[in-house]
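A.B. asks: One structure follows; several queries about it will come next.
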Amino acid sequence: MPGIDKLPIEETLEDSPQTRSLLGVFEEDATAISNYMNQLYQAMRRIYDAQNELSAATHLTSKLLKEYEKQRFPLGGDDEVMSSTLQQFSKVIDELSSCHAVLSTQLADAMMFPITQFKERDLKEILTLKEVFQIASNDHDAAINRYSRLSKKRENDKVKYEVTEDVYTSRKKQHQTMMHYFCALNTLQYKKKIALLEPLLGYMQAQISFFKMGSENLSDQLEEFLTNIGTSVQNVRREMDNDVETMQQTIEDLEVASDPLYLPDPDPTKFPVNRNLTRKAGYLNARNKTGLVSSTWDRQFYFTQGGNLMSQARGDVAGGLAMDIDNCSVMAVDCEDRRYCFQITSFDGKKSSILQAESKKDHEEWICTINNISKQIYLSENPEEIAARVNQSALEAVTPSPSFQQRHESLRPAGPSRPPTARTSSSGSLGSESTNLAALSLDSLVAPDTPIQFDIISPVCEDQSGQAKAFGQGGRRTNPFGESEGGTKSETEDSILHQLFIVRFLGSMEVKSDDNPDVVYETMRQILAARAIHNIFRMTESHLLVTCDCLKLIDPQTQVTRLTFPLPSVVLYATHQENKRLFGFVLRTSGGRSESNLSSVCYIFESNNEGEKICDSVGLAKQIALHAELDRRASEKQKEIERVKEKQQKELSKQKQIEKDLEEQSRLIAASSRPNQASSEGQFVVLSSSQSEESDLGEEGKKRESEA
């Protein structure tokens, strides 16, 4: 019989709010059928119990049949056919009600038995299945809540096994009960027609057979009508039997196929992660803050609709907007000892939500799907194909370099020290629509086809013969507090500033611009997106030492300096407005992708809510370094002036000595020009000043010898 609405048994395992809402309509219809059938039963009971009141009872039956068209069944289906059929029945019954006297045994067999069976067996079965399904649904919700509260840090295998088995058992029980409940509700749509038509048919046949004298009231047209109704009932019964058989087979097939899905965290090898989705739906636990440190988790059904994330409570007809995820950022987070958590931050950074997935597969698929939607891939004609192409391009771009240290072999201060860059005010955020960022394209901020480095390779892991000289560290242990070790003076011991922070390296990539803080924000967004796409959640923890000379990344275990960044090369640094744990800086180095030019590399870190403190420390270090450089230049200038004065003084002294020697030589020449009385030949010898001095010294020596 056409027009029969059915509950989808195939969707019982998903248990979506739409399915529950449709189930509510069927339950309301069952209640309406039960109420109506109870009234019809009471009317037929009156026929059976009170032969004396047969005429009044038949009249009431006719009246109820006439009122069928006024009933508002949620699943009306073929109400027009049923209404017209029942209207015709009511007319015949009303005509025969004045002369019908029904034998109780005939009425009991032909009229009361089928309607009693429908009332006592079918309707009670629906009520029983409803109660069992409600209990199974509550048990499944309780099991899921216990499973969601499993501790991630203090994982107990026994407790986890018990909770997992509890989820498996309760889910299987709910699924099986729900399928049988749906089957019974679908069957009820056929049985209600049979329960309506069969008692009436039996009643009429009993009346015809009992009242021999009433044959004059039964025309051929009425007999043909009754024959058609009987044929219709048999057709409905056959259709019902076939449909019941099909539904039973569907239930058996779904039980076998759904067995692996009863586990809350299915095997990822059997159910691989699809990273190219642009639409997804499923249950998630949402964290709601109830106080400063307290929070609750609510389980709701979430689904994506275009660029929006929608949420829908169980039983609601439609969902509501949870968040706009266009140009948003998404990343996996650790939250309150719960597993499979991720955080979504809106494009303006003003709204964020922390959600928990049920399994690792759902966790990764939700992150990839939201990341694809944030890029507005869903607006294209073939979103999955474009998402696959974008993810493949990202995979090719994220290519680890052979040595992280090789990217820093040529670290040198880039020319004269620039004035210390003032720390960027926290007015920008990831995805902000600032004027500068709107005017800049992606290629103007980040170098195209540049690889992203996700990890730092420690110097002790590679050959450091040439790199140790370049950095001046030599793989030596560094005391972050500037104390000497073994009589060796630390290279940062004389620094005024020593501040130590705990940081985790997220990634670095080469950028094309280093004069705009949006470079740092765009690099943060790309690195977080790449980590989400490729499921890179591990981070290298280090100690960041900020001094007036450089920034150092120190291994917390061995105290070996992993990497050194000269402070003059740090030209830009900024922190995120909403997520205070994220900060980054741009390092200007020589070489890089173009050996003849300077290149800029942006490094992104995560700290323990100390991003602003680190940026303040770097700014303070650059100010101290600037003042120290100015003092050094002033001191050098003063020394240069003193050296010039000293040189002038020496030149002046030398000039005076020359003048004195010239005067002495002139005097000796004048003295030697007089006649020499000791010379017998009247000859004289002109002596130089030096020769005269030597002769005088010689004469004095001879005199001393003679006196001795």
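Every residue gets a Cβ built from N, Cα and C, even glycine.
Annotated domain 'PH' per TrEMBL: 277-375, in sequence order. The region 'Disordered' feature in TrEMBL is assigned to 397-433, 467-490, 645-708. Taken from TrEMBL, the feature compositional bias 'Low complexity' applies to 420-433. Here TrEMBL flags 501-637 as domain 'PID'. Annotation source TrEMBL lists compositional bias 'Basic and acidic residues' at 645-666, 699-708. Residues annotated as compositional bias 'Polar residues' in TrEMBL: 673-692.
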A.B. asks: On the 0 to 100 pLDDT scale, where does the domain 'PH' (277-375) sit on average?
C.D. replies: 87
A.B. asks: When secondary structure is assigned with DSSP, how many helix, strand and coil residues does the compositional bias 'Basic and acidic residues' (645-666) contain?
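C.D. replies: For the compositional bias 'Basic and acidic residues' (645-666), the helix, strand and coil counts are 22 helix, 0 strand, 0 coil.
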A.B. asks: How many of the residues that make up the domain 'PID' (501-637) does DSSP mark as helix, as strand and as coil?
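C.D. replies: Taking the domain 'PID' (501-637) as a whole: 47 helix, 55 strand, 35 coil.
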A.B. asks: When DSSP states are grouped into helix, strand and coil, how many residues of the domain 'PH' (277-375) land in each?
C.D. replies: 15 helix, 50 strand, 34 coil
